[in-house]
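Peer 1: According to TrEMBL, the GTP binding site annotation covers A:Gly24, A:Leu25, A:Asp26, A:Asn27, A:Gly28, A:Gly29, A:Lys30, A:Thr31, A:Gly70, A:Asn126, A:Lys127, A:Gln128, A:Asp129. The Mg(2+) binding site annotation in TrEMBL covers A:Thr31, A:Thr48.
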Amino acid sequence: MGLLSILRKLKSTPDQEVRILLLGLDNGGKTTLLKQLASEDISHITPTQGFNIKSVQSQGFKLNVWDIGGQRKIRPYWRNYFENTDVLIYVIDSADRKRFEETGQELAELLDEEKLSGVPVLIFANKQDLLTAAPASEIAEGLNLHTIRDRMWQIQSCSALTGEGIQEGMNWVCKSVNSKKK
Amino acid sequence: MAEMLGYIWHYVYTSFLRYWLKWLIRQATGKCELQRICSGYQQGAARTTKAEHSLRSSKNKVLRGALESSKDKLEQSVDQIIKEKRVQPQKDPMFKDCLHICLLQITGYSGLYISVEDLRKEVFSSENAKHEAMLLKLWDLLMPTVKLESRITKQWGDIGFQGDDPKTDFRGMGMLGLINLVFFSENYTEEARQVLSHANHPKLGYSYAIVGINLTEMAYSLLKSGALKPHFYNTVQSAPELWHFHQLYCYLAYEFDKFWVEEEPESIMQFNQYREKFHNLVQTHLQDPDVSLTLTVHSKN
């Protein structure tokens with residue numbers, strides 16, 4: 001590294017902060033995803049009562065990730081966290097076919113929220129490590145994602161357990177923040 | 001610089017000074033360090049922690065090896081240490097029993113962690129009849145007057161599971177989480193139902209079962225880090241067993257509820273904040289050499 005680039009690095013402004021909201025039904029894998037992002041141990045995870053928050057550095061951004069519990073009882077609290085959200089990440093358990101309808105309804109309601117209007121949404125089709133997992137294309141079709149016109153969206157298959165697909169998803173998150181700011 | 005000097009001092013102390021200092025004291029008192037610990041401290045954390053430190057920092061393989069020996073070989077280890085340290089039993093008749101108890105406690109703690117870890121790694125399975133029976137037992141203990149309509153039902157929410165099938169809620173705590181919940185309900189039935197009624201409060205409530213699983217994680221992490229040593233050294237004068245760990249969970253479940261009700265948090269969304277506060281409180285208790293985290297109500301056994 002040359003002297004100039006070091007100086008430039010020292011001078012560079014502090015990382016831009018990005019507020020990311022992590023939502024989805026209970027047992028979707030939100031907390032595992034959050035811990036993977038922060039490179040933490042994922043073997044002792046328990047159901048989230050309330051919420052967790054972690055900050056991660058990525059591509060010049062400081063990502064403040066809010067992981068809110070997915071239990072039906074606390075879904076009414078989700079709206080308290082909508083304000084100033086830059087990107088919404090919606091996590092789906094791709095192997096829990098019995099609840100595809102429920103997760104689709106929750107997502108549709110979120111996309112109707114005024115405070116989230118225009119906010120880019122990344123859908124993680126999680127748990128692809130399971131043999132019974134539905135492929136992302138099938139989930140996209142089931143959720144009618146192609147009808148979303150009012151915002152940027154992306155579906156990414158991943159396994160929060162193995163880490164596969166997460167980086168690709170986060171790259172899209174950073175890209176969508178960049179293009180929104182322009 | 002000061003840090004550097006600290007390192008040098010530490011090195012000099014542990015490799016030379018400690019040894020010579022001990023030799024000098026031994027000549028003066030006629031007793032080895034372990035003997036002085038056994039006669040100088042009351043039974044409990046003060047004594048056992050000192051003995052553990054002494055054995056661990058010993059240059060002698062026999063002494064360090066005693067920390068790894070299995071329960072049935074402990075007496076042999078004690079005899080070896082007595083021989084190695086040339087302790088004369090007739091001059092110090094208490095020493096042998098004292099050292100034996102210390103070693104039971106020290107090696108028992110590691111053994112307890114292994115048993116707990118095995119239960120944690122046992123995944124709850126609907127195909128396992130024992131697991132299923134235990135889950136249904138939990139319901140009957142907590143809700144004696146309400147019949148469970150079916151195995152998959154929204155009713156599970158009434159005892160604080162997230163959805164209509166509890167099996168996904170055990171997660172990283174596995175069977176350890178369920179066993180703790182059942183142990184509390186079975187041995188402290190009245191208290192458990194009282195805690196459940198607080199948890200079901202419309203405004204101040206929380207999810208009884210998943211908070212219980214979360215507190216199992218707290219107990220597990222405290223055990224793993226070694227933070228529970230003083231508690232077990234004070235309360236169990238032998239090798240601690242699984243039920244001692246379940247007892248500790250009961251203490252946490254009961255005390256957390258008390259704490260939560262007293263603090264009156266704004267909503268369940270503040271859970272992790274108050275959990276942290278409670279965790280710090282427990283950690284502070286564990287700093288006290290006389291700590292004993294025991295639930296003081298009348299249990300059935």
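Just so you know, glycine gets a Cβ as well, placed from its N, Cα and C.
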Peer 1: Could you tell me the C-alpha distance between A:Gly70 (GTP binding site) and A:Thr31 (Mg(2+) binding site) in angstrom, no decimals?
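Peer 2: So the Cα of A:Thr31 (Mg(2+) binding site) lies 10 Å away from that of A:Gly70 (GTP binding site).
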Peer 1: List nothing but the one residue from A:Lys30, A:Lys127 whose Cβ has the fewest other Cβ atoms within 10 Å; the candidates are the binding-site residues.
Peer 2: A:Lys127
Peer 1: Just to verify: the residue among A:Asp26, A:Asp129 with the fewest other Cβ atoms within 10 Å, which of the binding-site residues is it?
Peer 2: A:Asp129
Peer 1: Going by DSSP, is A:Thr31 (Mg(2+) binding site) sitting in a helix, a strand, or coil?
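Peer 2: Where A:Thr31 (Mg(2+) binding site) sits, the three-state DSSP reduction gives helix.
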Peer 1: Between A:Asp129 (GTP binding site) and A:Thr31 (Mg(2+) binding site), how many Å separate their Cα atoms?
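Peer 2: Approximately 17 Å lies between the Cα of A:Asp129 (GTP binding site) and that of A:Thr31 (Mg(2+) binding site).
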Peer 1: To the nearest Å, how far is the Cα of A:Thr31 (Mg(2+) binding site) from the Cα of A:Lys127 (GTP binding site)?
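Peer 2: The separation of the Cα atoms works out to 13 Å.
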Peer 1: Could you tell me which three-state DSSP class A:Asp129 (GTP binding site) falls into?
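Peer 2: SS state of A:Asp129 (GTP binding site) = coil.
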Peer 1: Rounded to a whole angstrom, what is the C-alpha distance between A:Thr48 (Mg(2+) binding site) and A:Lys127 (GTP binding site)?
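Peer 2: Roughly 18 Å, rounded to the nearest whole number.
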Peer 1: Excluding near sequence neighbours, so keeping only residues 6 or more apart in the same chain, what lies with its CB under 8 A of A:Gly24 (GTP binding site)?
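Peer 2: Listed in sequence order, they are A:Lys30, A:Gly70, A:Tyr90, A:Val91, A:Ile92, A:Asp93, A:Thr103, A:Glu106.
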Peer 1: Given the binding-site residues A:Gly24, A:Asp26, A:Gly28, A:Lys30, A:Lys127, A:Asp129, which pass a C-beta cutoff of under 8 Å against chain B? Sequence order please.
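Peer 2: Contact set vs B: A:Asp26.
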Peer 1: Tell me the Cβ contacts of A:Gly28 (GTP binding site) under 8 Å, same chain only and six or more apart in sequence, or just say none.
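Peer 2: Expected: A:Gly70, A:Val91, A:Ile92, A:Asp93, A:Asp96, A:Thr103, A:Asn126.
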Peer 1: Based on the record's binding annotation for GTP (A:Gly24, A:Leu25, A:Asp26, A:Asn27, A:Gly28, A:Gly29, A:Lys30, A:Thr31, A:Gly70, A:Asn126, A:Lys127, A:Gln128, A:Asp129), what whole-number value in Å is the widest Cα to Cα distance?
Peer 2: 21
Peer 1: So, in DSSP terms, is A:Asp26 (GTP binding site) helix, strand, or coil?
Peer 2: coil
